[in-house]
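First up is the structure itself, then whatever we jot down about it.
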Amino acid sequence: MSSVVVVGSQWGDEGKGKITDFLSQNAEVIARYQGGDNAGHTIAFDGKTYKLRLIPSGIFYSDKISVIGNGVVLNPKSLVTELKYLHDNGVSTDNLRISNRAHVILPYHIVLDGLQEAAKKDNKIGTTNKGIGPAYMDKAARVGIRVADLLEKDTFEEKLRTNLEEKNRLFEKMYGHEPLKFEDIFEEYYEYGQELKDYVTDTSVILNDALDSGKRVLFEGAQGVMLDIDQGTYPFVTSSNPVAGGVTIGSGVGPAKIDKVVGACKAYTSRVGDGPFPTELHDEIGDHIREVGHEYGTVTKRPRRIGWFDSVVMRHSKRVSGLTNLCLNCVDVLTGLDEIKICTAYELNGEKIYHYPASLKELSACKPVYETLPGWKEDITNCKTLEDLPENARNYIHRIQDLVGVKVSTFSVGPDREQTNVLDNVWAHI
């Protein structure tokens, strides 16, 4: 039995898809455990780039099982579209498994998401308007519709009718929005369920059976630790738990079966949407990193906010998610800069602090304390080992490792699978 969890250790978009794809080569089962189609992941290999939102990165390996766990909120329309996208590109989805306990995103969730965000005016949290939050709200309120319900026509009809009556009253009285039609949603989404039914099963059984039989299982998170609803920059967070602890709830696998937690991070920091960002750059360097790193949202296409590497954030991620290894991505993006800064602490009310405050008021008053390192000019996109890197690039990686207190197991010097370089095999010591 061996398992590895890949989490984003910043604010998402850290290259989890690439690292998951890379680690999938030695896994037999790959599983998503939370989130929805609000976050995309990009995988590049053999000269082609694929962008997915719901289906795990392991789908590109025909000999591996890919699982969408019960902690995911699933938009059937998006999933059917994604399946067609893969089929059109010659990718088989025969090994996909979908949890019958996953909750379903329906049109009223998406409408409500947009209405709630618009009503906040200057206090927007930067939702992607994919219905994620409202779907998790229904789940917590025990009125959600699960995949198992979607497949049972009478059950789906009854629950949809009840929920839609309530949502339509809310739309009309609270927001002045026209009601949604039951017939339009019911027929369309029941049909989606029929298209998906052959993939649906109890994925907790599949995952536990795999682990108990000695297979390697890789768990893939969405978003990042700093967007976790409990441990992130609340309320500027997602509605689920991307931290490694979310695996046990979102997949039905007990905590004793988790062996390693790999934190994916960039050699700098990025963020999409509103919320605190202590090391954010508002200058030409930030613009340069954004363009060189193609820092635009996979799903939203919004330009990402850019900042220096923040070791305070990373130590927080290490603590709350139990990071055992780091995968450092996008080192090549920093090539050409004369100097590179790393945030080592914050200054708050004249004192240095080394933890990430919960209070938004305190966060807004924090000033990053920087350490400046010399940059490098050499092209590193073909480097395969640490020794191949320029001395300044090596020193930068070592300094990140020292400040975070977690060993760097891989570093990447480009978007392709072949540009990911292994320093320590995560699977080897389990």
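Just so it is clear, glycine is given a Cβ too, placed from its N, Cα and C backbone atoms.
Listed in Swiss-Prot:
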ACT_SITE  Asp13  active site, proton acceptor
ACT_SITE  His41  active site, proton donor
BINDING   12-18, 40-42, Arg304, 330-332, 412-414  GTP binding site
BINDING   Asp13, Glu14, Gly15, Lys16, Asn38, Ala39, Gly40, His41, Thr128, Arg142, Gln223, Thr238, Arg302  IMP binding site
BINDING   Asp13, Gly40  Mg(2+) binding site
BINDING   Thr298, Val299, Thr300, Lys301, Arg302, Pro303, Arg304  substrate binding site
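Cβ packing within 10 Å was compared across the binding-site residues Gly15, Gly40, Pro303, and the lowest neighbour count falls to Pro303. Val331 (GTP binding site) falls within a helical segment according to DSSP. Ranking the recorded positions Lys18, His41, Lys301, Arg302, Arg304 by how many other Cβ atoms lie within 10 angstroms of each Cβ puts Lys301 at the bottom. Separation of the C-alpha atoms of Gln223 (IMP binding site) and Thr300 (substrate binding site): 13 Å, rounded to the nearest whole number.
Cα to Cα, Gly12 (GTP binding site) and Lys301 (substrate binding site) are separated by 14 Å.
Ranking the recorded positions Asp13, Lys18, Gly40, His41 by the distance of their Cα atoms from the Cα of Thr300 (substrate binding site) places Gly40 first. In the three-state DSSP assignment, the secondary structure recorded for Lys18 (GTP binding site) is helix.
Reported as a whole number, the C-alpha separation between Pro303 (substrate binding site) and Asp13 (active site, proton acceptor) equals 12 Å.
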